[in-house]
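Database features, via Swiss-Prot:
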COMPBIAS  1-14  compositional bias 'Basic and acidic residues'
REGION    1-420  region 'Modulating'
COMPBIAS  134-150  compositional bias 'Low complexity'
COMPBIAS  151-163  compositional bias 'Basic and acidic residues'
COMPBIAS  164-174  compositional bias 'Polar residues'
CROSSLNK  Lys258  SUMO2 cross-link
CROSSLNK  Lys277  SUMO2 cross-link
CROSSLNK  Lys293  SUMO2 cross-link
COMPBIAS  394-414  compositional bias 'Low complexity'
CROSSLNK  Lys419  ubiquitin cross-link
DNA_BIND  421-486  DNA-binding region
MOD_RES   Lys480  N6-acetyllysine
MOD_RES   Lys492  N6-acetyllysine
MOD_RES   Lys494  N6-acetyllysine
MOD_RES   Lys495  N6-acetyllysine
DOMAIN    524-758  domain 'NR LBD'
Amino acid sequence: MDSKESLTPGKEENPSSVLTQERGNVMDFSKILRGGATLKVSVSSTSLAAASQSDSKQQRLLVDFPKGSVSNAQQPDLSKAVSLSMGLYMGETETKVMGNDLGFPQQGQISLSSGETDLQLLEESIANLNRSTSVPENPKSSASSSVSAAPKEKEFPKTHSDVSSEQQNLKGQTGTNGGNVKLYTADQSTFDILQDLEFSSGSPGKETNQSPWRSDLLIDENCLLSPLAGEEDSFLLEGNSNEDCKPLILPDTKPKIKDNGDLVLSSSSNVTLPQVKTEKEDFIELCTPGVIKQEKLSTVYCQASFPGANVIGNKMSAISIHGVSTSGGQMYHYDMNTASLSQQQDQKPIFNVIPPIPVGSENWNRCQGSGDDNLTSLGTLNFPGRTVFSNGYSSPSMRPDVSSPPSSSSTATTGPPPKLCLVCSDEASGCHYGVLTCGSCKVFFKRAVEGQHNYLCAGRNDCIIDKIRRKNCPACRYRKCLQAGMNLEARKTKKKIKGIQQATTGVSQETSENPANKTIVPATLPQLTPTLVSLLEVIEPEVLYAGYDSTVPDSTWRIMTTLNMLGGRQVIAAVKWAKAIPGFRNLHLDDQMTLLQYSWMFLMAFALGWRSYRQASSNLLCFAPDLIINEQRMTLPCMYDQCKHMLYVSSELHRLQVSYEEYLCMKTLLLLSSVPKDGLKSQELFDEIRMTYIKELGKAIVKREGNSSQNWQRFYQLTKLLDSMHEVVENLLNYCFQTFLDKTMSIEFPEMLAEIITNQLPKYSNGNIKKLLFHQK
């Protein structure tokens with residue numbers, strides 16, 4: 001807004017704030033100043049005007065109003081106080097007031113008359129001001145009640161040349177009466193009420209229709225914070241080092257609050273506090289109608305005054321008002337303790353608008369200060385006649401609801417946490433079968449092992465096993481027991497150790513006089529780590545369903561097509577199983593693919609024989625639970641010869657009474673039973689892995705037979721069966737290749753199985769396969 005605006009009042013304006021043209025009328029700035037002192041001045045001319053040029057860097061002048069009458073000493077420049085107050089409430093420090101009908105003296109000042117009547121009016125106004133703003137002296141506050149009125153001239157030098165030029169231009173447009181209004185005697189210093197007001201060099205006649213008080217609420221880059229507008233009963237928060245929850249101000253700056261809510265700063269303060277007002281709803285609201293800008297002087301507002309202020313210093317690094325941070329500058333914290341500035345700088349203060357509560361509103365929340373210099377704790381701030389409420393914020397480290405982490409001594413008294421079962425996460429009852437488990441999982445594992453149950457998962461072998469759902473899927477529960485390392489041999493070993501300890505306890509009691517005799521401790525402890533066989537049990541694929549419709553009449557084509565589709569899904573399951581075998585993925589990727597292409601028929605035929613042996617006593621072929629080839633189906637064309645080879649495997653397993661551990665080791669060895677003639681890319685690693693599982697087969701035999709002379713004989717029989725699988729698989733592959741190449745049979749093959757057969761046909765026709773046999777023919 002331009003500084004040359006008319007001061008001509010409208011008809012609707014309040015007469016108390018209008019400058020009339022008649023001599024002797026009164027100017028009332030009370031409503032405009034909003035809480036400032038009412039200054040009544042008798043005007044000797046028909047119009048009153050004041051203009052001055054002041055830079056943004058001005059010197060603050062301190063004015064002392066004694067409690068008594070006005071003394072005869074040289075009076076300070078009250079016009080600067082009026083100018084500063086007007087700038088404070090209008091949003092800028094350089095307030096421009098001007099009108100076309102205002103008369104300005106030629107000297108650039110308005111002298112105050114020494115008339116007795118005018119002096120009485122001024123004394124009466126000052127007395128009213130002292131009565132309204134006087135408060136009892138704080139015994140711990142050394143600062144006197146004063147008002148910071150004008151900035152320092154060192155920081156804000158005046159430009160008198162601009163002032164004189166402006167006054168010459170204004171002289172021609174103002175009234176003819178150039179007399180000065182005298183309120184003081186000649187021996188008292190005169191001062192200009194509007195001395196600090198700045199006028200631009202433009203014509204004062206511009207924009208005469210606008211109000212001079214509608215100035216742009218913008219701040220010069222060197223100015224202070226924008227003013228805070230207040231209501232008619234506005235008050236400023238009082239900060240004192242002896243009170244709790246006070247606003248944070250600069251060190252050695254101790255603001256006071258009079259009874260009527262006016263702010264009085266100490267004479268040593270160079271800082272103007274932003275105004276905090278209260279609304280009729282009894283809560284504090286900060287109003288900033290202007291633009292908040294960073295100040296170059298890094299002045300900190302609302303910082304607590306305490307002896308240990310040097311911990312923080314006069315400079316702050318960020319600005320945050322009402323929880324809003326600007327991009328660098330000062331930090332302004334309202335109603336928060338100083339510990340949060342140094343310790344919780346990454347957290348913004350939270351201000352909650354809390355209505356008055358009858359029960360909990362006796363005083364403000366106690367803020368616990370911290371610091372190395374015995375920082376004064378923030379105290380209680382009470383205003384007479386006003387409801388006291390909680391500030392709604394405290395540092396996170398000071399909040400009572402935030403509990404500190406328990407110390408080691410407190411945790412020791414509460415006791416150790418309960419031990420959980422490694423299978424279902426229920427409360428463990430002890431170490432069962434070498435693993436910390438509950439009683440339910442202990443009984444389940446014992447029954448599952450001794451009963452030799454062949455559990456099947458209805459899902460994908462990834463069921464959740466916990467306290468509530470542990471009975472839903474016994475297959476996944478049993479798998480999790482094996483993964484945890486449960487083993488029946490651990491219990492037997494534990495009993496042996498316990499028996500040895502009991503036997504040696506009596507001997508040690510008898511020979512307790514001899515310190516050389518000690519309790520015998522076994523040299524070997526039970527193996528609690530899972531073995532390869534237990535891992536093979538865990539990764540064993542589930543039984544797949546063929547989806548065969550038994551209500552439809554059987555045919556060779558339909559059965560063969562269904563078996564091919566089932567075989568394609570079994571090959572996918574075999575690939576996943578092979579990748580889970582310990583050591584197999586260490587081989588080269590090409591070697592892994594080659595071994596799977598050579599052994600896929602071995603794996604499916606041997607698994608078919610195992611299912612037929614366990615479920616049908618080797619009399620039927622159990623391809624799937626919903627597809628069992630009985631003697632009637634074997635009589636179909638092209639079915640009997642192939643079924644005869646498959647029944648051979650089942651019958652041999654039944655004859656030898658192969659255990660589940662032996663079956664798992666033999667199946668793994670069938671995966672490693674055929675290689676190319678040129679060898680594998682990681683042949684040495686392959687030989688090492690194969691030898692490892694041969695030893696595992698020997699361990700499974702020893703586990704079944706014990707330390708007997710028949711172990712080598714059984715090992716011979718089982719390895720002989722493995723060698724015979726090559727002949728069985730060769731016959732099955734020949735028939736499979738024939739049906740794949742003969743399009744007249746119209747037997748469908750899944751995509752993956754067709755790809756494997758296509759890659760395998762040239763290798764078999766060229767004889768590029770080397771059989772790894774245990775025995776020479």
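All residue numbers here begin at 1 and follow the chain in the order shown.
The backbone N, Cα and C atoms fix where each Cβ goes, glycine too.
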Among Lys419, Lys480, which are recorded positions, the residue with the most C-beta atoms within 10 angstroms of its C-beta: Lys480
Confidence summary (mean pLDDT) of the region 'Modulating' (1-420): 46
Pairwise Cα distance for Lys480 (N6-acetyllysine)/Lys419 (ubiquitin cross-link) [Å, integer]: 18
DSSP three-state assignment for Lys419 (ubiquitin cross-link): coil
